[in-house]
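Here the structure is laid out as structure tokens; the discussion comes afterwards.
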Amino acid sequence: MSARINIARPASGGYTPDPHGFGNSRPSAGYRAANPDDPIEKLRTFARTVEDYVDIYSQPLKPHLPAIGRFLIVGTFLEDSWRIVTQWGDQLWYLQRHRHFPWGISHFFLIINVITMLIGSGAVISKKYSEYAVGGLLGVVIVQAFGYGLIFDLNFFLRNLSVIGGLLMVFTDSMYTRKKIFAGLPTLSENDRKKYFLLAGRILLIFLFIGFILRGQWSITRVFVSVIGLAACIMVAVGFKAKWSAGFLVIMLSIFNVFINNFWSIHSAHPQRDFLKYDFFQTLSIVGGLILLVNMGPGGLSVDEKKKTY
């Protein structure tokens, strides 16, 4: 309370309250005022403005982002299990004829895949035993790559790396949730693991866009989209404005997914329909991983966190 009392002690004759005139000067506007036309500062101001608008208008969605992200991540596994069940005969014929699976082994291979994908997806969505669910789904990705002979297909390989990045985001999200529940208990080793998993997840998530750049016909629009998307991918990987960059990639990939992988516009008997449907749900899975990144942030091993430290 004493700080609010005006004592009004008379100043001595040799005392000057403000010898340098700082009291009459205007407050400094910072670096931006010193360099109002600097393009880098303009870019920073624009990025801050965009982040503010995103924070304001995404508030109603924020509590639901983890659930949305988790559901989208396992979408490709749910679609894959449904496709195996509805195309059971075709799947067996392919494995036995082209992959030389013995009768019975092919049945066991498909059954184990379907059961693991359904149980793992349900566990991820319900946030029950997420670590074991992620391990099971990761095993499905690896086993299918060898079982269907697609391990050396570059596009398939890059997409699977991105799906694995999404699964790592689920794993990190489970650690993030556990940390909030037991706020005073997380150990140093657990915090370190979270940082490294987030770093690995960020890097793996961008491989889908690299696959998009490497395939297809080049055009002016494609070059423009590729340059902007690649810049956003690099920002996600290094953790610079990671939330903003991940949000931008979510919007870009969602638009790209609807217009490029529009399997619903193709006749059900067309052979290309299954490939487009597979690409569509895999892209949704990667979008889900990016949504979890938007919700959690880039983690300790990132430029954004280092800027907070210094």
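Cβ from N, Cα, C; glycine included.
Annotation source TrEMBL lists region 'Disordered' at 1-21.
Proximity of distant same-chain residues to the transmembrane segment (105-125), defined by a Cβ-Cβ separation under 8 Å and at least 6 residues beyond the stretch ends, is recorded for 67, 70-71, 73-74, 77-78, 80-81, 84-85, 88, 91-92, 95-96, 132-134, 136-137, 139-140, 143-144, 147, 170. For 105-125 (among others), the entry in TrEMBL reads transmembrane segment.
According to TrEMBL, the feature transmembrane segment maps to 132-151 (among others).
The transmembrane segment annotation in TrEMBL covers 157-176 (among others). Beyond its flanks by at least six residues, the transmembrane segment (157-176) meets 66, 69-70, 73, 76, 124, 127, 130-131, 133-134, 137-138, 141, 145, 150-151, 190, 193-194, 197-198, 200-208, 210-211, 214, 279, 282, 285-286, 288-289, 292-293, 295-296, 299 of its own chain at Cβ-Cβ distances under 8 Å.
Residues annotated as transmembrane segment in TrEMBL: 196-214 (among others).
Look at TrEMBL and you will find 220-240 (among others) tagged as transmembrane segment.
According to TrEMBL, the transmembrane segment annotation covers 247-264 (among others).
Long-range neighbours of the transmembrane segment (284-303) within the same chain, counting only residues 6 or more positions beyond its ends whose Cβ lies under 8 Å from a Cβ of the stretch, are 62, 65-66, 68-77, 159, 162-163, 165-170, 172-173, 176, 191, 194-196, 198-199, 201-202, 205, 208, 236, 238-240, 242-243, 246-247, 249-250, 253-254, 257. Per TrEMBL, the feature transmembrane segment maps to 284-303 (among others).
Taking Cβ pairs closer than 8 Å, the transmembrane segment (247-264) reaches residues 54, 208-209, 212, 225, 228-229, 232-233, 236, 273-274, 276-277, 279-280, 283-284, 286-287, 290-291, 294 in its own chain, all 6 or more past its ends. Counting only same-chain residues 6+ beyond the ends of the transmembrane segment (132-151), those with a CB under 8 A from a CB of the stretch are 74, 77, 94-95, 98-99, 101, 109, 113, 116-117, 119-121, 123-124, 157, 160, 163-164, 167-168, 170-171, 174.
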